[in-house]
Amino acid sequence: MVTIVLGSQWGDEGKGKITDYLSQDATLCCRAAGGHNAGHTIVHDSVTYDFHILPSGLVSPKCINLIGAGTVVHIPSFFKELGALAEKGLVDADKRIFISDRAHVCFDLHSVVDGLEEAKLGGRKVGTTGKGIGPCYSDKAARRGVRVGEILDEEVFERKLRNLHSGYRNRFGELAYDVEEEINRFKEYRQKLKPYIIDQLPFLQKYKNDDRILVEGANALLLDLDHGTYPYVTSSSTGLGGAIQGLSINPTKIKNIIGVVKAYTTRVGSGPFPTEQLNEFGEKLQVTGREFGVTTGRKRRCGWFDLVLCRYSLAVNHYTALNLTKLDILDDFDEIKVAVAYKLPDGTRLESSYPADAGVIEKLEVEYVTLPGWKSNTMGLTKYEDLPENARKYVEYIEKGLDGVPIKWIGTGPAREHLIIR
């Protein structure tokens, strides 16, 4: 059976921690989509690990890991990340990681183009990570991309990369990029990569009767290309559909769909954010929550918990259980607000649907309920009954507001053991 972990808001919810926890019993951990624009931080045995393209299951010594067909892989980052894990003691990580030959290659060329495209947008920029993810997925959709498996065929690889470069030069003129230099780098990568590249389908068939398969979502539902706050989204399918598509999962084998929700809301980059607090509350959340992007280092925008957004996320992703993270960050608030409805400019009231038009979202009014804070330390608590009464009421209010989907896990700190299991 398969357990899928998905982000329910705009990313940075803390998916890595619950994935790390669940991977202790997993046989296989897979990334289905996205690239090295994602960022997860895991604290285990007082060691902090940062993950971008690699699955978090590598921290578990018995877990095999797969970067699936729906991903885009920046090869230098892949090896850099593996090296960083080895330096921190995960010396066998390189023996437990594989890449689908159908995944696409994200080149330095894509990063250069990403910057040029953002610059052209000016004030309407998306606020990408600048890692080249969008241009890489664009090349994939236009059927001119380079797949990981094609790296092994030197002639095909070099021809396709030169064609990509030529196409972008025709569009942008001279680029701050040397295609021959990149080709030479891949001469070294070619042999190094060979042990990692596999045909995904027969690889996964070996696990078809295994009940301990874990899928680690990247980014989050509101960044999904189809269901997110378009155009302020990433370029892949970040929801349930993307997990199934990117890994050829049998839907009847899915046992758990875990939605990870932060106890407040954050967003990196541009785009609408109805509950954003551009005041002392937002600043307090940012500072107390240490809200800086793992990938970019940018400050995250912060705001109150949004039930409307999460109800919409639930309707798209069909969560069977929830993981509420970073509850301890709210410890010092006198009052805590929760968004329960939106009021559109025409007077329409929304409780569980999310407007498709980013311009409409920017203009809506938010209806809040105000709940009392608990003003006591919850960091490191591991028993639900030990939470202050108002903290329990906050958890149960969110649970009730999300159709009673159980909040099975509650994060009370950064470490693996800082977790309440209900």
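Every residue, even glycine, has its Cβ placed from backbone N, Cα and C.
Swiss-Prot annotates D12, E13, G14, K15, N37, A38, G39, H40, T129, R143, N219, T234 as IMP-binding residues; of R96, R185, R190, R298, the candidate listed for that same site is R298. Maximum intra-site Cα distance, IMP binding residues D12, E13, G14, K15, N37, A38, G39, H40, T129, R143, N219, T234, R298: 34 Å.
If you count neighbouring Cβ atoms within 10 Å for each of the binding-site residues G11, G297, the highest count belongs to G11. Within 10 Å of G11 (GTP binding site), counting CA to CA, the binding-site residues N37, G39, N219, G297, R298, K299 contribute G39, N219. Residue with the densest Cβ environment among the recorded positions K17, H40, R298, K299: K17, by other Cβ atoms within 10 Å. Within 10 Å (C-alpha to C-alpha) of D12 (active site, proton acceptor) lie the following recorded positions from G39, H40, K299: G39, H40.
In this structure, K299 (substrate binding site) is part of a beta strand by DSSP.
In this structure the C-alpha atoms belonging to G14 (GTP binding site) and N37 (IMP binding site) are separated by 15 Å.
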